[in-house]
Amino acid sequence: MNAIILAAGLGSRFKDITQSTHKSLLDIHGTPNLERTLTFLRQANIDNIVIVTGYLHEQFEYLKKKYDCTLIYNEKYREYNSIYSFSLAQDFFNDCYVIDADVVLNRNIFLTKPSHSKYFTVIRSKTHNEWLPILNSNGQVIRIDIGSLNQPSLSGISFWTTQDCNIILTLLKEYTSEVRLKNPKLYWDTIPMEYIEKLNIYTEQLNSDDIFEMDNLDDYHHILQKLTPNKEK
């Protein structure tokens, strides 16, 4: 099994704090957040871990030796969206997790290997333009809506079987034109979303205290309060 971690972003909504520290490396009670995720992946015996870096890429160098992971530098992180980051790591996209680097985990969700592709979902306390998977009676995702309803939304972590990886990789070339890569409204997740009927993907809903979104300083401070050391699992 593999894991691709997308960590090229600027984190501009954090203002001054991310001028000197990448948002995925912000400290969570003594440990950079990304190291928490890497520790969980190693505990789950994930074979190959690749981190796609960009902004402040030099800050990730120490992770190569510490966690035996691969770093890929996206030099176009300022001009291209995450589809380009994903394309740089496509050789690893096989029986694979894809993880947003700024996701904060409070539990190791990687210990049981999924039997099929899945989106990990969560009901967020605050909702705004969330990606909401719509399921059929068998629990299979048949489409993804974008909205602010109080229902399970994509958490920033997904798993893809080899079969679905191959389908997505075949579609990837449709998204690598300059126009699409420079469109800030497109993400790597846009590819499976627009071709969901070709994929065999389900969901696993996490508890609200299993996973947190870290989009801005308010989120960060909220997470620090929620994850006091004696509350962590």
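One-based numbering along the chain as shown.
Placement of Cβ uses the backbone N, Cα and C atoms for every residue, glycine included.
The CDP-choline binding site annotation in Swiss-Prot covers Leu6, Ala8, Gly9, Tyr80, Ser85, Ala101, Tyr187, and the record cites similarity to another entry as its basis. Under the three-state DSSP scheme, Tyr187 (CDP-choline binding site) falls in the coil class.
Glu213 (Mg(2+) binding site) falls outside any helix or strand according to DSSP and counts as coil. Listed in sequence order, Asp102, Val103, Val104, Arg124, Ser155, Gly156, Asp219 are the same-chain residues at least 6 apart in sequence whose CB falls under 8 Å from the CB of Glu213 (Mg(2+) binding site). Sequence annotations record features per position, and here Swiss-Prot assigns Mg(2+) binding site to Asp102, Glu213, Asp215.
Comparing local CB density within 10 A for the binding-site residues Asp102, Asp215, the maximum falls on Asp102.
For the CDP-choline site listed in the record, the two most distant Cα atoms among Leu6, Ala8, Gly9, Tyr80, Ser85, Ala101, Tyr187 lie 17 Å apart. On the backbone, the CA of Ala101 (CDP-choline binding site) and the CA of Asp215 (Mg(2+) binding site) stand 11 Å apart.
Taking all protein chains in view, 28 other C-beta atoms sit within 10 angstroms of the C-beta of Ala8 (CDP-choline binding site).
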